[in-house]
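Novice: Swiss-Prot lists these features:
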type: BINDING; residues: Gly8, Ala9, Ala10, Gly11, Arg12, Met13, Glu34, Gly98, Thr99, Thr100, Ala122, Pro123, Asn124, Tyr125; note: NAD(+) binding site
type: BINDING; residues: Arg35; note: NADP(+) binding site
type: ACT_SITE; residues: His155; note: active site, proton donor/acceptor
type: BINDING; residues: His156, Gly165, Thr166; note: (S)-2,3,4,5-tetrahydrodipicolinate binding site
type: ACT_SITE; residues: Lys159; note: active site, proton donor
Amino acid sequence: MVRVAIAGAAGRMGRNLIKAVNGSQFAVLAAASERPESSLIGVDVGEMAGLGKSGILIVDDLAKVTDDFDVIIDFTLPISTLKNIELCQEHNKAIVIGTTGFSEPGKEIIDQASKEIPVVMAPNYSVGVNLVFKLLEKAAKVMGDYCDIEIVEAHHRYKVDAPSGTAIGMGEAIAGAMGNKLEDVAVYAREGITGERSKDEIGFATIRAGDIVGEHTAMFADIGERVEITHKATDRMTFANGAVRASHWLHKKEPGFYTMHDVLNLDQI
């Protein structure tokens with residue numbers, strides 16, 4: 001049984017993570033944190049999440065309760081996640097990272113930390129999305145050189161980064177399968193007279209509207225036919241359950257940088 005700490009416990013994902021841990025037979029909720037200025041500091045996390053009294057009080061810094069947990073699950077903001085990574089290094093804890101929008105220096109910090117502690121990082125913890133990543137690799141190897149490739153993603157109005165980490169992950173899977181780096185072929189915006197589309201680019205389009213949980217489509221368009229691979233999420237519990245699954249898998253692993261491909265053993269497919 002892995003003892004889990006939830007960073008950003010009062011957020012949309014934080015509350016779902018609490019529910020996912022509560023419903024898991026492999027994990028137990030051991031700690032929860034919120035930003036220092038939150039009015040929920042000192043509140044019982046179970047009561048906050050509508051699950052009844054848990055005996056776990058929300059703290060403003062997980063450093064205060066490091067003896068209580070084995071793994072942090074962090075779906076917050078890059079600046080907060082990087083602080084928790086430092087905490088994990090200091091106290092030999094594992095971390096599951098669902099935060100997106102890291103800068104290149106931030107990614108380098110995570111990579112260096114993974115040499116000391118076990119880290120799972122994924123743009124999306126849905127089992128279905130990670131299967132899609134694998135399907136995209138296969139599709140790109142068969143069709144990529146002959147098609148125009150576009151990725152369209154849609155999320156709720158409150159999402160603060162674009163394109164989504166999942167969309168970027170899709171682009172990386174496709175580009176990598178074709179022997180390219182995404183940064184060399186990605187086109188994130190088109191406006192005005194753009195000229196003819198180049199053959200090797202991967203285009204991205206972003207929608208932010210309403211309460212869309214998450215929808216992603218990768219399009220392989222040739223003359224006369226088009227293949228689309230789509231994933232639609234209707235409940236954030238999909239992501240939360242996957243992250244809890246990852247925390248159980250990560251517990252007692254050797255230091256290293258892992259992804260959901262490792263958690264789900266997708267490389268064997």
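Glycine too: its Cβ is placed from the backbone N, Cα and C atoms.
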Novice: Neighbour count first, Cβ atoms within 10 Å, every protein chain included; then name which of Ala10, Ala122 tops the list of binding-site residues.
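Specialist: Per the Cβ count, the most surrounded site is Ala122.
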Novice: Taking the Cα atoms as reference points, how far is Gly8 (NAD(+) binding site) from Arg35 (NADP(+) binding site) in Å?
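Specialist: With the alpha carbons as reference points, the distance is 7 Å.
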Novice: Using all protein chains in view, find how many other C-beta atoms are within 10 Å of the C-beta of Arg12 (NAD(+) binding site).
Specialist: 14
Novice: Near Ala122 (NAD(+) binding site), which binding-site residues out of His156, Gly165, Thr166 have their CA within 10 Å?
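Specialist: Correct set: Gly165, Thr166.
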Novice: My understanding is the cutoff is Cβ-Cβ under 8 Å with a sequence separation of 6 or more in the same chain; which residues meet that for Arg35 (NADP(+) binding site)?
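Specialist: In sequence order, Gly8, Asp60, Ser80 meet the Cβ cut-off.
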Novice: Check Thr166 ((S)-2,3,4,5-tetrahydrodipicolinate binding site) against DSSP and tell me helix, strand or coil, would you?
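Specialist: In three-state terms, Thr166 ((S)-2,3,4,5-tetrahydrodipicolinate binding site) counts as helix.
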Novice: State the Cα to Cα distance, in Å, between Glu34 (NAD(+) binding site) and Lys159 (active site, proton donor), rounded to an integer.
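Specialist: Cα-Cα, rounded: 19 Å.
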Novice: Could you tell me which of these recorded positions, His155, His156, Lys159, has the greatest number of Cβ atoms within 10 Å of its own Cβ?
Specialist: His155
Novice: If you measure C-alpha to C-alpha, which of Ala10, Thr99, Asn124 (binding-site residues) come within 10 angstroms of Gly165 ((S)-2,3,4,5-tetrahydrodipicolinate binding site)?
Specialist: Thr99, Asn124
